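Working notes for the structure below.
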């Protein structure tokens with residue numbers, strides 16, 4: 001790796017490789033990026049399934065001894081356990097990825113979340129095994145969270161380290177497609193089983209989307225198993241004997257400034273998404289009196305728009321740099337925040353779909369290049385750990401944003417500028433992260449075959 005800038009505490013630009021440049025090929029880059037996308041799509045499909053089931057069925061089948069309100073709270077608390085587990089997964093699989101290899105870590109994560117999700121589909125309910133049912137549900141959710149915590153950071157790291165240096169933006173954008181694709185897959189799966197009668201759905205229909213994780217796991221594992229280890233990691237192993245014993249520890253002690261910048265850069269793509277989906281659905285239904293189906297359909301349309309934006313701006317990042325794209329994406333989201341929420345208050349179905357789609361499109365500009373920027377903020381020595389920690393800490397912080405937005409509208413008022421203010425703040429944090437991050441990028445020395 002080369003480093004044109006001087007180092008300072010917390011911003012060390014340590015070279016992870018010295019000597020001969022790493023050789024990569026466009027063909028390998030495409031194959032690896034596709035494998036990263038497939039695995040990430042599966043993991044987000046599994047992860048989002050739980051959220052849908054928590055709202056529709058878990059409260060009644062696994063917390064049936066509680067009153068309806070308490071059962072719903074318990075169900076969503078179980079959903080929240082996954083967010084707590086994600087930083088743990090970042091530490092655990094970051095260590096595997098930085099010490100043993102990116103590829104082994106990603107094989108483990110895809111098996112773990114696929115198996116955990118499939119087992120949820122086989123889990124007896126409270127009436128069958130009593131308190132063991134919710135206990136096992138929590139444990140399986142923890143497994144999902146740990147796996148997701150290690151998945152994304154490894155996927156983008158592997159994609160970036162296989163890519164030609166002038167095309168890292170487009171290849172790092174492919175794993176980002178896993179989120180909207182996973183959303184569409186999980187929503188579509190539940191839409192199909194909801195066509196069953198209520199009794200059939202409660203009896204076994206809800207289990208089908210979870211059981212589908214088993215064959216999807218086989219496909220994802222097969223594709224990932226054919227991927228070679230990162231050439232940057234192989235080069236590092238050949239030239240550097242003192243691999244970090246605790247990579248996450250090195251991130252916190254030697255690259256804490258980089259970590260803060262990376263968290264800021266990732267904040268909008270994760271937190272803004274929750275504001276414009278989780279909170280916006282609640283705001284639209286409970287405050288504006290809009291139908292649930294309208295709000296859910298708006299998010300599905302937005303997911304399709306998000307995919308197009310991710311592909312487009314992944315390519316643009318190769319010309320402008322991922323930090324600059326993050327900066328402009330953050331500013332665009334800040335400017336559009338108030339118009340988006342103002343459109344929601346019109347209660348027009350067309351305006352509602354347009355509002356959510358525009359809002360998601362704006363924040364997806366920054367999200368499209370999050371992988372490329374974060375991967376280039378950390379040297380290869382502890383890149384997997386740094387990327388995973390930054391993204392999942394941002395995710396853990398973002399989990400509180402719907403609660404904060406709800407508290408703000410309850411205490412201040414439900415005018416559109418109230419939630420828009422929160423989205424503007426999140427957007428500006430990411431804009432600053434992009435501005436600073438562009439100037440801290442670490443470059444790998446690579447040769448395109």
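Glycine is treated like the rest: Cβ placed from N, Cα and C.
Record features, source TrEMBL:
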type: DOMAIN; residues: 32-445; note: domain 'Major facilitator superfamily (MFS) profile'
type: TRANSMEM; residues: 44-63; note: transmembrane segment
type: TRANSMEM; residues: 69-93; note: transmembrane segment
type: TRANSMEM; residues: 105-124; note: transmembrane segment
type: TRANSMEM; residues: 136-160; note: transmembrane segment
type: TRANSMEM; residues: 172-194; note: transmembrane segment
type: TRANSMEM; residues: 206-223; note: transmembrane segment
type: TRANSMEM; residues: 255-282; note: transmembrane segment
type: TRANSMEM; residues: 294-313; note: transmembrane segment
type: TRANSMEM; residues: 325-344; note: transmembrane segment
type: TRANSMEM; residues: 350-375; note: transmembrane segment
type: TRANSMEM; residues: 387-405; note: transmembrane segment
type: TRANSMEM; residues: 417-436; note: transmembrane segment
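For the transmembrane segment (44-63), the list of distant contacts is 70-72, 74-76, 78-79, 82, 113-114, 116-117, 120, 125-126, 133-134, 137, 141, 144, 148, 178-179, 181-183, 185-187, 189-190, 201-202, 206, 209-210, 213, 216: same-chain residues at least six beyond its ends, Cβ to Cβ under 8 Å. Long-range neighbours of the transmembrane segment (294-313) within the same chain, counting only residues 6 or more positions beyond its ends whose Cβ lies under 8 Å from a Cβ of the stretch, are 169-170, 173, 176-177, 179-181, 183-184, 187, 276-277, 280-281, 284-285, 325, 329, 349, 352-353, 355-357, 359-361, 364-365, 367-369.
Here the listed stretches are 172-194, 206-223, 325-344, 387-405, 417-436, and the one with the most C-beta pairs under 8 angstroms to the transmembrane segment (69-93) is 387-405.
Here the transmembrane segment (387-405) sits against the transmembrane segment (255-282); at least 3 CB pairs are under 8 Å, leaving out pairs fewer than 6 apart in sequence.
The stretch with the most CB contacts under 8 Å to the transmembrane segment (417-436), chosen from 136-160, 206-223, 255-282, 325-344, 350-375, is 325-344. Using the rule of three or more Cβ pairs under 8 Å, pairs at least 6 apart in sequence, the transmembrane segment (172-194) is in contact with the transmembrane segment (350-375). In this chain, the transmembrane segment (136-160) lies apart from the transmembrane segment (255-282): fewer than three C-beta pairs between them fall below 8 angstroms, excluding pairs fewer than 6 positions apart. Most Cβ pairs under 8 Å with the transmembrane segment (350-375) belong to 325-344, among the candidate stretches 206-223, 255-282, 325-344. Outside the transmembrane segment (325-344) by six or more residues, the chain places 169, 265, 268, 272, 276, 280, 283-284, 288, 290, 313, 316-317, 351-352, 354-356, 358-359, 362-370, 373, 416-417, 419-421, 423-424, 427-435, 437-438 with a CB less than 8 A from a CB of the stretch.
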